[in-house]
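Mind having a look at this structure? Questions to follow.
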């Protein structure tokens with residue numbers, strides 16, 4: 001059997017420690033977000049570890065994710081919020097998933113699903129307070145509130161929650177978060193006047209938990225912080241926040257060559273060596289999740305020495321500068337424990353840490369370090 005040429009090691013103990021750090025910031029119920037395959041870390045093992053560590057809820061975006069999660073984790077509430085018109089929601093209703101409703105058509109879809117499933121739907125009402133993305137807009141909420149009140153009275157739905165999402169919580173000085181909180185309260189009043197009073201109100205993401213305690217309400221939804229990354233490194237690094245890296249992405253040097261000064265490296269010769277340089281080829285590239293936009297900048301660690309990508313990132317390979325004495329077979333840490341951080345890679349690629357871990361390909365094997 002061929003050995004993998006790269007690996008993502010997931011430290012479940014670090015994940016649980018991050019949950020504990022986040023829990024220390026709030027007294028609210030915690031819905032741990034494990035969407036996008038657990039931010040690239042593996043939805044099911046991550047979900048199990050978080051529940052074991054005391055997460056009260058799990059949350060995923062897509063319905064298929066939620067159904068898969070329910071098959072593996074049967075006894076914890078699961079919130080899901082992303083599906084298209086025409087989606088058959090009956091299986092989700094029957095599985096007891098808590099389904100978000102944020103558009104008039106979704107009320108009709110839920111009603112039809114309840115008829116087929118022959119059991120009430122557990123729902124959360126999403127309202128748009130400033131993202132202009134999902135949820136009932138203020139002008140459509142009064143009519144929706146009446147429809148939802150009727151559905152509640154008929155026993156078609158059990159209304160569990162009211163929620164929205166913060167647009168600028170990672171900017172602590174911005175007044176937008178307070179304005180969103182005020183719009184959320186307005187939406188709550190509209191629903192209350194219609195006789196709808198969801199018992200669980202939730203608004204805060206990781207940034208909200210860290211920097212906007214007024215947004216904690218009844219439940220919070222940490223995501224990025226669980227995985228050891230900061231929502232905004234310019235405000236506070238993960239280390240500043242007491243968060244530990246969870247994913248460590250590694251590979252191996254497969255070739256070493258001494259390049260003379262002026263040698264063009266990789267496609268387009270966008271970089272030439274300024275002097276003689278020891279170069280190493282590593283068999284991970286942008287098909288594996290190494291961002292091409294980090295060409296000539298992406299940091300790596302070899303033998304405890306921090307170095308970097310040289311030239312363009314290729315589809316399946318990358319060339320790096322090597323420290324003296326490096327040889328084929330040496331481990332290369334792209335990010336994680338003992339190496340640069342995912343946020344370092346995000347800075348090199350001009351993106352965010354979320355994208356760095358979620359883009360690591362599924363064909364890169366995940367190995368799980370159990371809690372010690």
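Heads up, the Cβ atoms here are built off N, Cα and C, so glycines get one too.
I grabbed these lines from TrEMBL:
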ACT_SITE  35  active site, proton acceptor
MOD_RES   35  N6-(pyridoxal phosphate)lysine
BINDING   133, 315  substrate binding site
DOMAIN    246-369  domain 'Alanine racemase C-terminal'
ACT_SITE  267  active site, proton acceptor
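Looking at the shown structure, what environment does each listed feature sit in?
Under a cutoff of 8 A between CB atoms, and with a sequence separation of 6+ in the same chain, the neighbours of residue 35 (active site, proton acceptor) are 43, 59, 60, 61, 62, 65, 223.
The C-beta environment of residue 315 (substrate binding site), restricted to residues of the same chain at least 6 apart in sequence and closer than 8 Å, consists of 285, 286, 287.
In the three-state DSSP scheme, residue 267 (active site, proton acceptor) is classed as helix. Note: residue 267 (active site, proton acceptor) has non-local neighbours 311, 312, 314, i.e. same-chain residues 6+ apart with C-beta under 8 A of its own C-beta.
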List the same-chain residues at least 6 positions away in sequence whose Cβ sits under 8 Å from the Cβ of residue 133 (substrate binding site), in sequence order, or say none.
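In sequence order, 165 meet the Cβ cut-off.
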Take the domain 'Alanine racemase C-terminal' (246-369) and count its residues per DSSP category (helix H/G/I, strand E/B, coil), listing them in that order.
23 helix, 43 strand, 58 coil
Look up residue 35 (active site, proton acceptor) in the DSSP assignment and report helix, strand or coil.
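The three-state answer is helix.
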